[in-house]
Ligand SMILES: NC(=O)c1ccc[n+]([C@@H]2O[C@H](COP(=O)([O-])OP(=O)(O)OC[C@H]3O[C@@H](n4cnc5c(N)ncnc54)[C@H](O)[C@@H]3O)[C@@H](O)[C@H]2O)c1
Ligand SMILES: O=C(O)C[C@H](O)C(=O)O
C-alpha cells in the first residue's frame, strides 16, 4: 500500500539554501528512498515568484516521491499539517545593525512561525532551525509553541560537525568514515567548541592520535568555528550547498537513527546535562533511535574542554537574556 506523504515545510524556500535543499528532499534523501513527501514552501510575498520558479523546476525533475508542492506567504498555511519544519529563512545582519537589532528582526520572523507551528502543525512535528542566529531563533520559535513538546525544536550544528570531521580526516590522513564520536558543543557561532577528546580515528583516541594540543587550540578549533566566515569571504555569500547537506543529515539522522557506536551533534533544549542551563538550545553529543534523540551521558569533560564549553554556553545565556528583554520569549 502506498505510504501517506510526509509534509515538509521549508521557509526561505527561494533563498540559496532553499535552492540546494528542496531537490534533495524531493529526491528522498531527507527521509528515505521509500517515503513520499509533500512540500510546503514559505516565502515573503516579493519572493513568491522565485519560489514558483523553483517549484516549476521541481516538477520538471519528475521525482517519483514528490506528491505535491504548495507555496504560500502565510505561515498558517505553510505549516498546516507539517511533520517536518525546516526554518531556513531569516533576517541577515546588515551593515550598521547591532546584535539586538538582529535578534529583534528575527523575533519578528520566528515568533509568528512558532505560533503557526503550534496552531497548525501535525502532532509529530519536528523542527530544525537553520536561519541564524539559529540556536536563539529556535528558542524564540519554541517559546511561541507551548503546545508542542519543547524537545521537538532543534537548531543546526551538523554543518559544524561535518566541517570538524573533514578537518580531522585531513590532519590524520584518515577518511571521514574512519572517524566517530566527534562533538560540537554550544552555539552555532564562533564560540562553538568542536571536541575531539572522545572521538576515535580508526579505533584510536583522536586527541592521542593527534598528540598536539596546540594544533587543536590554534588551528583545528578556529578553522571549524570560523569556517562560515571563511566561506563568506571566499564565495561572497554564505555556505549554501553544505548547509543544505547538513540539514538533510540532521533530519535523516533524527528520524532514522545514529549508527551503532557513533553519535552526532545537534543543538537541542538542554536538560541541564554537562552544566548547560536547562532550556538553552545548545549543541550536545546525541544518539538517535526510533525518532528520538538522547544526550550521550557521563562523558568526562577535561579542563581544556570545560572552559570552551562554558564560553559558548555563556554566549547562549546572553542571547537568551537579550531576547527575554525584548519580550520575544
Ligand atoms: N546553521 C547553519 O549552519 C547555517 C549555515 C549556513 C547559513 N545559515 C543561515 O541560513 C539562513 C538562510 O541562508 P541563505 O543563504 O539561504 O539566505 P538567502 O538570503 O539566500 O535566503 C533567505 C530567504 O529567506 C526568505 N525569508 C526572509 N524572511 C522570511 C520569512 N519571514 N518567511 C519566509 N521566508 C523568509 C528570503 O526572502 C530569502 O529568500 C541565513 O540566516 C544564514 O545565516 C545557517
Ligand atoms: O551565514 C553565516 O553567517 C555563516 C553560516 O552560519 C555558516 O556556518 O556557514
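The first residue you see is number 1, and the count goes up from there.
Heads up, the Cβ atoms here are built off N, Cα and C, so glycines get one too.
Take the NAD(+) site that TrEMBL assigns to 12, 13, 14, 15, 16, 17, 18, 106, 130, 131, 132: the candidate from 113, 142 listed for it is 113. Contact annotation for binding-site residues (18, 93, 113, 132, 163) versus ligand 2: 132, each with CB under 6 Å from a ligand atom.
Close contacts with ligand 1, defined as a Cβ under 6 Å from any of its atoms, occur at 131, 132 among the binding-site residues 93, 99, 113, 131, 132. Figure note: comparing Cβ neighbours within 10 Å for the recorded positions 93, 99, 163, 188, the maximum is reached by 188. A separation of roughly 15 Å, to the nearest angstrom, links the Cα atoms of residue 113 (NAD(+) binding site) and residue 132 (substrate binding site). For the domain 'Lactate/malate dehydrogenase N-terminal' (7-146), DSSP puts the residue distribution at 64 helix, 26 strand, 50 coil. Of 93, 99, 132, 163, all annotated as binding-site residues, the residue with the shortest Cα distance to residue 18 (NAD(+) binding site) is 132.
Summarising the substrate site geometry, the residues cited as binding it (93, 99, 132, 163) extend over a maximum Cα to Cα distance of 26 Å.
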